[in-house]
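**Student:** Next up is a structure, given as structure tokens.
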Amino acid sequence: MERSEAYGFSGAMSGAFLLSCLLFAAVSRRQRGPYMDEVFHVPQAQAYCQGRFLQWDPMITTLPGLYLVSVGVVKPTAWLLGWTGSVVCSVGMLRFINLLFSAGNFYLLYLLLFKIHQKNKAVSGFQRILSTLILAMFPTLYFFTFLYYTDPGSVFFTLFAYLMCLYGNHKTSALLGFCGFMFRQTNIVWTVFCAGNVVAEKLNEAWKTELQKKKDEKVFSKKGSFSDLTRILQFLIKYLISPKNLITLTALTWPYIILVTVFFVFVFINGGIVVGDRSSHEACLHFPQLFYFLSFTVFFSFPHLLTPTKIRKFLLSLRKHPVQYSLITVISLFLVWKFTYVHKYLLADNRHYTFYVWRKVFQRHELVKYVLVPFYLFAGWTFTDTLKSKSIFWILMYFVCLLAVTVPQKLLEFRYFILPFLIYRLNIPFPSVYRQLLELAFYTVVNAVTFHLFLNRTFQWENSAEIQRFMW
């Protein structure tokens with residue numbers, strides 16, 4: 001990092017942290033007590049603070065990573081500063097843990113952008129810092145910086161594991177992946193993603209060698225062709241059934257294999273992936289979740305994905321491949337018809353934005369969910385098109401992980417999209433400074449509206465005296 005870039009990064013990170021501290025103070029003043037899921041998380045952490053490690057709230061569905069880290073930070077700090085009484089492990093103190101995770105995420109995002117795009121010499125230090133600031137302010141993640149939720153810590157350990165994987169420190173990466181798993185069980189998918197990075201790299205090397213033998217470099221460059229995809233899948237099967245190749249890949253990814261094995265042992269002993277309240281967190285094949293994620297990504301990355309050039313290219317692709325797109329449309333309509341699920345929380349909890357998205361869009365008419373399929377088609381195409389700089393094996397591996405982390409979820413919850421979105425956004429080519437500034441302005445407006453609604457537009461339910469607030 002050059003000196004000017006170091007100064008710029010330090011200034012951006014310090015400014016972002018100062019802004020977060022001011023917002024943290026405002027949230028803590030307006031909402032002093034636990035809110036929403038904090039009602040479960042805060043008492044559980046406080047029980048751990050008091051040494052009651054065998055106490056467990058059956059409504060909590062995640063493992064105790066957040067509470068263990070909180071105790072590990074708060075208790076030594078309280079001892080060093082001489083704090084006693086209610087201030088130790090208070091709601092404000094516990095929330096501050098996520099403010100620290102947020103600062104860590106800022107630094108990790110910068111390091112990941114630097115590592116992933118290090119071969120692109122055209123990228124300036126200003127663009128890296130700007131992209132880091134944008135991703136650190138990603139609205140769905142940024143909001144939960146100020147509440148005692150698992151998201152900032154979950155993102156921190158997963159991004160840290162990804163960074164170590166890119167640097168080839170696979171044992172450290174697997175250990176950090178275990179920490180991420182302790183925050184949220186579905187993070188095991190991103191451990192598989194880290195292993196997949198290693199596998200995709202070896203496959204890409206072997207594929208290039210295969211192409212050189214055939215003197216046919218054009219095959220590799222045409223990632224969008226269906227015939228090319230068939231040839232690649234044939235190569236993939238041939239490569240993976242070779243015992244020699246399997247031994248090589250196992251030697252490279254054994255730390256991740258151990259962690260995945262631990263995960264399956266946990267699922268077997270626990271009787272499922274969910275720790276606590278299983279009745280509200282049942283796994284199912286909810287394929288439209290992929291469509292919701294793609295729409296979510298287009299919304300939050302519209303300066304890059306929803307452009308006139310992209311639309312023209314998509315229409316041209318439609319004209320070139322009408323049969324393939326017709327088949328994809330029919331399959332998508334079938335998946336929407338047979339595999340759309342509506343969770344009871346989505347219909348009942350009017351504090352979440354998803355409640356209003358579902359009511360204002362999907363519940364307007366029975367046919368709306370089918371009418372949206374052409375947009376899903378465009379979203380999927382433009383999403384994939386921005387990843388064309390990555391190898392086909394990386395893309396296949398990412399989509400497998402994306403399906404694994406979204407499709408089994410019955411509840412439409414934007415928090416589930418945070419990690420797949422960040423990993424996608426980290427890996428697309430750097431956009432122009434103009435598009436970056438537009439994205440930053442958009443995120444700033446969304447965050448401003450979100451915090452205004454949360455802090456100032458409160459309401460009450462008829463059967464409850466508690467103040468309710470709008471949130472992600």
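A Cβ is built for glycine as well, from the same backbone N, Cα and C atoms used for every other residue.
Source: prediction; values computed, not measured.
What TrEMBL lists as transmembrane segment is 6-27, 60-81, 93-114, 126-149, 155-183, 246-269, 289-306, 327-347, 367-384, 391-408, 437-455.
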**Student:** What residues in the same chain, six or more past the boundaries of the transmembrane segment (391-408), come closer than 8 Å to it by Cβ-Cβ distance?
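**Tutor:** Those are 186, 189-190, 192-193, 196-197, 199-200, 203-204, 207, 220, 223, 229, 232, 236, 283-287, 289-290, 292-293, 384, 416-417, 419-420, 423-424, 427, in sequence order.
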**Student:** Ranking 60-81, 246-269, 367-384 by the number of C-beta pairs under 8 Å to the transmembrane segment (289-306), which range is first?
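**Tutor:** Maximum Cβ contact count belongs to 367-384.
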**Student:** Taking the transmembrane segment (60-81) as the reference, which of 93-114, 155-183, 367-384, 437-455 gives the largest number of Cβ pairs under 8 angstroms?
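**Tutor:** Against the transmembrane segment (60-81), the leading stretch is 155-183.
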**Student:** Report, as numbers and ranges, which residues of the same chain sit near the transmembrane segment (93-114): CB under 8 Å and 6 or more residues beyond its ends.
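**Tutor:** For the transmembrane segment (93-114), the nonlocal Cβ contacts are 1, 9, 13, 16-17, 20-21, 24, 27-28, 41-42, 45-46, 66, 69-70, 73-74, 87, 128-129, 131-132, 135-136, 141-142, 144-149, 151-153, 155-156, 159-160, 162-163, 166, 422, 426.
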**Student:** Contact between the transmembrane segment (437-455) and the transmembrane segment (126-149) is defined here as three or more C-beta pairs under 8 Å separated by at least 6 residues; is that satisfied?
**Tutor:** yes
